[in-house]
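Chemist: I'd like to ask some things about the structure below.
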Amino acid sequence: MFVDQIKIEVKAGKGGDGMVAFRREKYVPNGGPAGGDGGKGGSIILKVDQGLRTLMDFRYHRIFKAKPGQNGMIKGMYGRGADDTYISVPQGTTVTDAETGELLGDLVEADDELVVAKGGCGGRGNIKFASPKNPAPEIAENGEPGEERKLKLELKVLADVGLVGFPSVGKSTLLSVVTSAKPKIAEYHFTTLVPNLGMVRLDDGRDYVMADLPGLIEGASQGVGLGIQFLRHVERTRVILHLIDMSGVEGRDPYDDFVKINEELKVYDPTLLDRPQIVVASKMDMPDSAKNLAEFKVKLAKDKTLKQVPEVMEISSLTHQGLKELTHRTADVLESTPKFETLAEKEQASKVYTFKEDEPAFKITRDSDATWVLSGEKLERLFKMTNFNHDESLMRFARQLRGMGVDDALRERGVKGGDLVRIEDFTFEFVE
C-alpha cells in the first residue's frame, strides 16, 4: 500500500536528575558535596532512508519516545546521556508541526537528518550549588523534560520528469517501455493508483528519474477523482511530460484535455505552469491520430495557457515510434533547467523577521474552585526541574519565584495569606 501522508507524535527523553550526595571517606571530615549531574535525554531525529518508498511503516507505529538520561551518581559521577532515537523516512519527506503548521524541514538529500524533538538537559547535582556561604548544599535539579511534538509527514516523490494527463492516455505504458519499471497496465481508468518511478538510461550516458503519476480529471484540484492526493508529487518534477491521447477513442477532444489538465495544475500551484512542459502526442499508431494532431496543433498555436507554446512530440509506445527522440529531448531540457528550491529553502528565503515581544514569564488565573493558578513556560520549566524532596531545593524555588516577581504579582491580584496557589499538579498555601 502506498501511504504519502501521516501524522505521528514524538517525545524526546527527559534529562537525568542531579543527585544530592556527600563524601564519606575516612580521614576526610566534612567531605562536602559529591552529587553528580544527570545525563542528557535522547533526541528524536528523522533520517532519510533511500530504501523506503512510502510512509506505510508509520500506519501502525505513530508514537515515538526517546530514552531518558541516567541520573547523577555519588562521588561526583555524571549520568550517562541517552542515545538519540532515529526514525527512517523516505527521501522527499516534508515535516510540518501539526499544531502550528510551521514547516520544520524538507528531507530531499540522501544523507539529510532533522532533529524534531530535543532531549532535555540533565539536572545539576549538589556539587554545582556549593558556595562559600553554603559549602554543603542539599540542592539538586531534576532533569529537563524532553520536547514533545505532533508532526505531519508528507511524501512528495522525487523525480526529474513527471508524466501527467487524463486516465488511460498511455503514461504507464510509456514508463514501462523507456524504463525497467513494471507499473500495472490495464484498459480501465485509474489503473495507476500510486506514483511509479523508473530510471531512464540513454545510450549517451545520461540518465534521469521519470514518475508516472495517477491520472487527473477535471476538478482534481478540488478533490474530484483521486483529487489533490497525487498532485503534490508534481511539485518535485523539473520537467512535465503532458501526455494527450490523439486517437480520440475516449470521445474527448485532445485540445480540451490539454486546457483542463493545465487548469488543474494552475489551481493547485500556479508556478507549475512556469516549468518546462513537453506535449507528448500518444497513440499515434491509431487511425485518426494524425488528423486529430493536425487540428490540435492549430488550436495550440493560439493558446495562451502557458508563457510559450509547448513543444509537441509524437510517440507510439506500442510501435516505439518517437521514443528515442522524446527521451533525448527530455534530457536536453533537463540539462538547461535548474533544480527547484526545496520547501525549506523557499521558507528561509521568504522569511520575514518582525519584532515580537517576549511572552511573560508567568500568568495568573483563577480556577472555578477559587484556587489561584500560575502558568507560563519559564515558570513551569523551573517547577519541573525543582527537586521537592529536599527543603533547600524548595526554598531555592521560592526565592526564584520571588525574583521573578510572582509574590508581588499575586498580592496585586488580591491574593491573601492562606489562599491556595497551584502550579500544574502542586498546590500550596500563600504565606505573607
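Just so it is clear, glycine is given a Cβ too, placed from its N, Cα and C backbone atoms.
According to Swiss-Prot, the protein carries these features:
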DOMAIN    1-158  domain 'Obg'
DOMAIN    159-335  domain 'OBG-type G'
BINDING   165-172, 190-194, 212-215, 282-285, 316-318  GTP binding site
BINDING   S172, T192  Mg(2+) binding site
DOMAIN    354-432  domain 'OCT'
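Quick one: how deep are these features, and who are their neighbours?
Modeler: For the domain 'Obg' (1-158), the model's pLDDT averages out at 91.
Of all Cβ atoms in the shown protein chains, 21 besides its own fall within 10 Å of the Cβ of S168 (GTP binding site). In this structure, S168 (GTP binding site) belongs to neither helix nor strand by DSSP; it is coil.
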Chemist: Which of K171, K283 (the binding-site residues) has the most other Cβ atoms within 10 Å?
Modeler: K171
Chemist: Cα-Cα, whole number of Å: G165 (GTP binding site) versus S172 (Mg(2+) binding site)?
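Modeler: With the alpha carbons as reference points, the distance is 11 Å.
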Chemist: What's the CA to CA span in angstrom from P214 (GTP binding site) over to S172 (Mg(2+) binding site)?
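Modeler: The Cα atom of P214 (GTP binding site) is 9 Å away from the Cα atom of S172 (Mg(2+) binding site).
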